[in-house]
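Pulled from Swiss-Prot:
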BINDING   LYS178, ARG193, TYR258, ARG352  RNA binding site
COMPBIAS  451-471  compositional bias 'Low complexity'
COMPBIAS  491-507  compositional bias 'Polar residues'
REGION    1-402  region 'Ncore'
REGION    403-532  region 'Ntail'
REGION    425-444  region 'Disordered'
REGION    449-471  region 'Disordered'
REGION    487-532  region 'Disordered'
Amino acid sequence: MSDIFDEAASFRSYQSKLGRDGRASAATATLTTKIRIFVPATNSPELRWELTLFALDVIRSPSAAESMKIGAAFTLISMYSERPGALIRSLLNDPDIEAVIIDVGSMLNGIPVMERRGDKAQEEMEGLMRILKTARESSKGKTPFVDSRAYGLRITDMSTLVSAVITIEAQIWILIAKAVTAPDTAEESETRRWAKYVQQKRVNPFFALTQQWLTEMRNLLSQSLSVRKFMVEILMEVKKGGSAKGRAVEIISDIGNYVEETGMAGFFATIRFGLETRYPALALNEFQSDLNTIKGLMLLYREIGPRAPYMVLLEESIQTKFAPGGYPLLWSFAMGVATTIDRSMGALNINRGYLEPMYFRLGQKSARHHAGGIDQNMANKLGLNSDQVAELAAAVQETSVGRQDNNMQAREAKFAAGGVLVGGGEQDIDEEEEPIEHSGRQSVTFKREMSMSSLADSVPSSSVSTSGGTRLTNSLLNLRSRLAAKAIKESTAQSSSERNPPNNRPQADSGRKDDQEPKPAQNDLDFVRADV
């Protein structure tokens with residue numbers, strides 16, 4: 001009988017990798033778009049700076065075609081390189097585009113001068129001039145920089161050029177972390193990271209770009225898979241070991257730490273809080289299927305190779321297999337553990353249709369009940385004897401009493417037993433925005449019987465988050481309406497009873513008491529409070 005269980009685990013692993021072996025036998029090539037990429041032909045600081053300003057204007061110009069904006073993005077991203085053209089040729093491997101790299105030797109009135117002569121070249125230069133004109137007109141004379149003096153600056157020395165290029169590229173690289181998973185709520189985290197680099201003196205705030213330009217660039221990154229592919233190739237290249245890296249490469253590598261595993265927070269949080277905590281609840285039969293699934297996914301992740309952390313950015317179809325909808329029970333348990341022991345998980349949006357409330361509460365209770373558990377293998381490696389282990393466990397139990405303070409209760413209370421997120425902010429919500437696979441389990445519905453008005457009034461409207469808060473808000477409004485109607489009805493009945501003769505009042509009161517004996521009702525707001 002044990003063979004079939006081993007085969008089931010092996011089958012799960014095979015199922016995760018099914019269809020990935022071999023090469024396509026059919027013609028699967030797609031149509032391509034021609035992209036013109038302007039790169040400097042020399043290391044002249046003045047030429048490179050003028051070409052950088054040209055690319056900035058193209059991206060914000062409403063008359064520029066998308067292919068033209070993509071080419072300008074390639075120009076900006078590769079400007080830090082000594083030979084941008086060689087960098088693009090070596091790393092660009094995109095079947096969707098046909099890159100035409102144009103070496104620029106000089107600039108005229110802010111646009112590249114075409115080396116070839118003739119009417120065709122003149123028409124192209126006039127078209128580029130119109131793109132720059134519309135960019136400036138649409139911005140009402142504003143420049144891409146917060147400080148307009150940077151736009152009119154004439155850079156002739158290499159040190160100033162390096163500072164300017166690194167600052168511009170750092171702002172572009174910061175955008176990619178949230179460009180796919182949460183572009184609409186990305187400004188707060190982007191501002192924090194920009195402030196960090198300013199504080200560390202790694203960027204020059206004089207070359208800070210306006211929020212309007214950054215929004216245009218963020219939208220371009222969200223829409224263009226080709227630009228993201230090129231940036232991922234650069235990330236994988238700069239992560240490799242070797243000789244000393246330049247300043248620009250180091251800051252790109254640093255930002256890459258935020259980009260890795262974007263959109264896969266659910267998968268890695270399940271491993272961290274569901275498996276590595278080693279709580280006894282993992283022995284439940286209900287978890288065995290999900291454990292086999294997560295084991296197969298970990299093996300698949302390793303087989304994908306260095307591109308695995310970027311599968312969401314690259315829009316690879318395999319990413320859907322890593323969504324928590326494929327292992328909902330284990331994920332729900334892990335989220336219960338995470339929201340109890342990790343303060344940073346309080347901002348994570350877990351309002352998903354496949355959240356199982358019972359296993360979520362089980363995770364919360366396991367984290368509290370097993371606080372102070374000792375890993376025997378680690379204790380043996382540290383050479384701890386039984387007395388030291390007992391003393392350590394007792395110390396943790398004593399300090400865990402303080403975990404039941406208001407801060408922890410407030411953190412756990414953000415998460416409803418039914419899966420609705422109550423309270424909390426929206427920072428880093430994007431990290432859970434991976435594609436959703438529905439598990440087929442019925443979603444939890446909320447009971448809305450009338451209950452105590454004090455509890456309804458005790459929930460402030462500001463505590464309801466934007467995600468999943470609509471049903472909760474409607475429930476509270478309906479509850480308060482029913483309570484108000486009941487209060488009016490009781491007031492009317494009381495006024496009527498006061499007008500009755502005194503000799504009839506006891507009988508009427510007795511009849512009313514029998515007819516209106518309140519029945520035990522479930523608290524309407526039980527789903528607002530966590531099971532603490």
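Backbone N, Cα and C define each Cβ position, glycine as well.
Since the structure is predicted, the reported quantities are computational estimates derived from the model, not experimental observations.
Considering other CB atoms within 10 Å as the measure, the emptiest surroundings among the binding-site residues LYS178, ARG193, ARG352 are those of ARG193. In this model, the region 'Ncore' (1-402) carries an average pLDDT of 87. Note: TYR258 (RNA binding site) has non-local neighbours ILE174, ALA177, ARG193, i.e. same-chain residues 6+ apart with C-beta under 8 A of its own C-beta. In the three-state DSSP reading, TYR258 (RNA binding site) counts as helix. Take LYS178, ARG193, TYR258, ARG352, the residues named in the record as contacts for RNA: the widest Cα to Cα gap among them comes to 29 Å.
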